[in-house]
C-alpha cells in the first residue's frame, strides 16, 4: 500500500488574500464613484437659465432645508471640468509604476485613496472660489486616482499564487465596473433628498474611511501579516517561489496589445466600408469568444512542453480582448441614448458572472482532486461557445426603435 500524503486544504474565500481583493474592490468602487459623480451632479450644479461666461457667480436655492449652490458655467467649462480628471490619471501612470517598485505599497495606495477622497470633499469649496480651482482640484484628484489604480496591481506580486492571479486581479478590478453602477443608482436619490453637495461629501468620506481601513488591514508581505493562517502563508510563499514574474505579466501585456489592435482594425474596416457594422461586431465577438476557447483546449491537450503551455496560456487570455471591437461596444450601436444605463446593468450582470465563476472554481478545486482544471476549462469553453451562438443569432447594430429620440421622453 502506497503511503500518499493527502492533499492539503488551502483556505480559499475566507482568507486574507481574498480579503485584500475585496478591499481593493471597494477601493475601486470609491475611485470610480468619485470620478463619475460630477457628470451626474453637473445638471443641478449649473444654472442653465442665466447667460454664461460672465463670472463664477452662484445663487443659493433651498432644497429640503439644504442650500445648493448653482453656478454660471459655460458648456465649454463644464466639459473641461469633467475631462480634467483624466489628464491627472494620464500624467500619473508612468511615475506611479516606477515609484511602486521603490516605496511602500501600503502607503502609496492608502495615501492616494485618502488624498483623492480629500479633494472630492473640497470640490464645493473650490467651486465657490472659481471654476479654475475646480479644474485644478479635479486634475490633482486624477493624479492620486492614477497612482491608486496603478500601484494596486503590484500588490499581487507577493499576494497572488500563480493559479489565482487572474481570479484575484479580476475580482479587485471588478470594482471599476461596479462603481459607475453605484453612482447611477444612488446619485439622483442623494441630489433629490439631500442636495448635490452631499454626493461629494458621502463619496469623499467613504474614501477617507476606507483608506484608514487599508492602513490597518494591509501588509506588504504575507509573511508579515499577523492574522494570516500558517497554511495560507505556506501556500502563497511556496507557490510564488515556483513562478517567473516576467512570464506572469505576458498575458496581460498581450491582452492590452490585442485590445488596441481590435479597436484600430474595427475602425479601419468601418471607415473604408470593407465590412458592415454588424459584420464587424460579429467578427470581433467571434474572435474574442472562440479563440480563447480553442486555445484553452490546446492548453489541455497540445501543451506538452513548458513553452507550449506558456504560449497557449498567453493566447487564451489575450485573444479575449478582441471583444473590445465587438460585443463590448455594441450597446453604443443599438441604444446610444441609454448607453450609460445599459452599461450599468451589463456591468452588474458581468460582475455577478465573475463572482459566480470564482465561487464555482473554488468549489471544484476543493472537491475534485483528480482533474479539476479539466472541468473548469470545459465549462469555460462551453460558456464561450453558447454565448457566441446566441450573439451571432440575435445581434443587431442599428439603433433600436425603443432607443430612438422621442418628443415626450424624459431620459
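Here the Cβ of each residue, glycine as well, is placed from N, Cα and C on the backbone.
Just so you know, TrEMBL annotations never went through curation; they're auto-generated.
Here is what TrEMBL records for this protein:
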| type | residues | note |
| --- | --- | --- |
| DOMAIN | 20-411 | domain 'Major facilitator superfamily (MFS) profile' |
| TRANSMEM | 15-33 | transmembrane segment |
| TRANSMEM | 85-103 | transmembrane segment |
| TRANSMEM | 109-127 | transmembrane segment |
| TRANSMEM | 171-191 | transmembrane segment |
| TRANSMEM | 198-219 | transmembrane segment |
| TRANSMEM | 253-271 | transmembrane segment |
| TRANSMEM | 283-304 | transmembrane segment |
| TRANSMEM | 310-332 | transmembrane segment |
| TRANSMEM | 344-364 | transmembrane segment |
| TRANSMEM | 376-394 | transmembrane segment |
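No contact links the transmembrane segment (253-271) to the transmembrane segment (171-191), because fewer than 3 Cβ pairs that are 6 or more residues apart lie under 8 A. Contact counts against the transmembrane segment (15-33), taken as Cβ pairs under 8 Å, peak for 198-219 among the stretches 198-219, 283-304, 376-394. Proximity of distant same-chain residues to the transmembrane segment (109-127), defined by a Cβ-Cβ separation under 8 Å and at least 6 residues beyond the stretch ends, is recorded for 27, 30-31, 34, 38, 45, 56, 58, 69, 71, 133-134, 136-138, 140-141, 144-145, 147-148, 151-152, 155, 197, 200-201, 203-208, 210-212, 214-215, 218.
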